[in-house]
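> There's a structure below that I have some questions on.
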Amino acid sequence: MTTALQTTAHRLAWLRVLTLAVAAFVFNTTEFIPIALLSDIGAGFSMSAAEAGVMMTVYAWIVALASLPGMLLVARRERRGLLLALFALFVMSHIATAVAWNFALLLAARAGVALAHAVFWAITSALAMRLAPPGKGQQAIGWIAMGSAMAAVLGLPLGRLIGQALGWRATFALIALIAAAVMCAVYALLPRLPSRNAGSLRSLPLLARRPRLLSLYAFTAIIIAAHFTAYSYIEPFARHFSALGEGATTALLLVFGLSGMVASVLFARFHSRLPTVFLGASIALLLAALVLLRPLGAMPAALYALVFFWGIGISGISLCLMVRVLHFAPDATDVATAIFSGIYNIGIGGGALIGQQVMQYADLAWIGFSGAALGAFGTALFAWTQWRWRKA
């Protein structure tokens, strides 16, 4: 009898983690779906892809600005109820996005999504570790990462296909519908979750005295900006520089997503034993892919291979950085994660803006080289600071 109860509790714990992983899939899909639909969204408002790209910058910077204040504002809130409120805002904002009749209204609706995103990612990793069976916290983080990767595997290609068939507005309407279903699952499956180890304003001076954590935050902003300098515009790059058709471009996004799943599997298998080697290899893959984007971008087969290794690199980096944040700040996980999420989105917005400037003042072909140069600088700075304060 006891064994049966333990088995049931074990399965329920993983079902709850799975619910959070699906939620991560939905949030990541909506953040990056403009990448797959950028040309169509721009055309819908008589704008170029580069001009429409500002919606990614605005979204990312709202998340960046709102993550820490939002987390502090809800630090004492019970987590299940908070998740339900976030999903309510998320669903309503997507309905507004789907019916937006001008670009300003679209940006306002996306701002609502960004506010929900800011708090969601500040609490989700710690919640996943808390809901997982005993001793399975890092595996639960892997499930969240898998959900995020599935956004690129399934969310972006499916969203693009729906956008091509029914228009980009239908994609956002479908996201609202899926989010409503996840909201119901959160209500049905998650228990009451009082706030725990969330941290407060008093945590900030303590975190500021941890140089390796501050170094990690700086590296996060730079390396993510390096990635998104190129990735934000991979759809127009594939269409115009690589001369890929609609179907081939969708397949390219699918390859990138599959690589994220591969990275999650590799992370679960190797990171605990070789954390520094795993991070170094991931950085090397990202920088190599960015450098080779222009030389190999005109060859479709080479581009597919390049994007596959690129995806492994950036996914591996993101997983490594998240685990290190939790390691460096076990006493204020939600605040430290909120700062990380905000800084990550500074990188996304900054990268999209840099890529836009490269396209406007140089050429689309140079987005990879620009990202690689920025990433190399960030890597050198990170390596030096981590070595400098290795005993801190």
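Glycine residues also receive a Cβ, built from the backbone N, Cα and C atoms like all the rest.
Pulled these from TrEMBL:
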{"type": "TRANSMEM", "residues": "12-38", "note": "transmembrane segment"}
{"type": "DOMAIN", "residues": "16-392", "note": "domain 'Major facilitator superfamily (MFS) profile'"}
{"type": "TRANSMEM", "residues": "58-75", "note": "transmembrane segment"}
{"type": "TRANSMEM", "residues": "82-101", "note": "transmembrane segment"}
{"type": "TRANSMEM", "residues": "107-128", "note": "transmembrane segment"}
{"type": "TRANSMEM", "residues": "140-158", "note": "transmembrane segment"}
{"type": "TRANSMEM", "residues": "170-190", "note": "transmembrane segment"}
{"type": "TRANSMEM", "residues": "211-231", "note": "transmembrane segment"}
{"type": "TRANSMEM", "residues": "251-270", "note": "transmembrane segment"}
{"type": "TRANSMEM", "residues": "277-296", "note": "transmembrane segment"}
{"type": "TRANSMEM", "residues": "302-323", "note": "transmembrane segment"}
{"type": "TRANSMEM", "residues": "335-358", "note": "transmembrane segment"}
{"type": "TRANSMEM", "residues": "364-384", "note": "transmembrane segment"}
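Explain the structural surroundings of these features, please.
Remote same-chain residues near the transmembrane segment (12-38) are listed as 49, 52-53, 55-56, 59-60, 83, 87, 90, 94, 113, 116-117, 120-121, 124, 127-128, 131-133, 140, 143-144, 146-148, 150-152, 154-157, 159-160, 163, 168, 171-172, 175, 178-179, 182, 185-186, 189-190, 231-236, 250, 253, 348 (criterion: CB distance under 8 Å, separation of at least six residues from the stretch ends).
Taken as a whole, the domain 'Major facilitator superfamily (MFS) profile' (16-392) shows an average pLDDT of 84 in this prediction.
When Cβ-Cβ distances below 8 Å are used as the criterion, the transmembrane segment (58-75) is approached by residues 31, 34, 82, 107, 110-111, 113-115, 117-119, 121-123, 195, 198-201, 334-335, 337-339, 341-350, 352 of the same chain, each at least six residues removed from its ends.
Tertiary proximity for the transmembrane segment (82-101) is limited to same-chain residues at least six positions away from its ends with a CB under 8 Å from its CB atoms, namely 23, 26-27, 30, 74, 108-113, 115-117, 119-120, 123, 169-170, 172-173, 175-176, 179-180, 182-183, 186-187, 190.
Long-range neighbours of the transmembrane segment (107-128) within the same chain, counting only residues 6 or more positions beyond its ends whose Cβ lies under 8 Å from a Cβ of the stretch, are 17, 20-21, 23-24, 27, 30-31, 54-55, 58-60, 62-63, 66-68, 70-71, 74, 79, 82-83, 86-87, 89-90, 92-94, 96-97, 100, 137, 140-141, 143-144, 193, 197-198, 322, 326, 333-334, 337-338, 341-342, 345.
With a threshold of 8 Å between CB atoms, the same-chain residues lying at least 6 positions outside the transmembrane segment (170-190) that come near it are 12, 15-16, 19, 22-23, 26, 29-30, 33, 37, 79-80, 83-84, 87-88, 90-91, 94-95, 97-98, 131, 159-160, 162-163.
Sequence-distant neighbours of the transmembrane segment (277-296) (same chain, 6+ residues past either end, Cβ-Cβ under 8 Å): 223, 226-227, 230, 237, 263, 266-267, 270-271, 302-303, 306-307, 309-310, 312-317, 320, 365-369, 371-372, 375-376, 379.
Proximity of distant same-chain residues to the transmembrane segment (302-323), defined by a Cβ-Cβ separation under 8 Å and at least 6 residues beyond the stretch ends, is recorded for 125, 138, 141-142, 145, 149, 152, 216, 219-220, 223-224, 227, 231, 234, 238, 242, 244, 251-252, 255-260, 262-264, 266-267, 271, 275, 278-279, 281-290, 292-293, 296, 337, 340, 344.
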> Before we move on, state whether the transmembrane segment (335-358) and the transmembrane segment (364-384) share at least 3 Cβ pairs under 8 Å, counting only pairs 6 or more apart in sequence.
yes
> Could you give the residue numbers and ranges of same-chain residues that sit at least 6 residues beyond the transmembrane segment (140-158) on either side and whose C-beta is under 8 angstroms from one of its C-beta atoms?
17-18, 20-26, 28-29, 32-33, 35-36, 124-125, 128-129, 131-132, 250-251, 253-254, 256-258, 260-261, 263-264, 267-268, 311, 315, 318-319, 322-323, 326
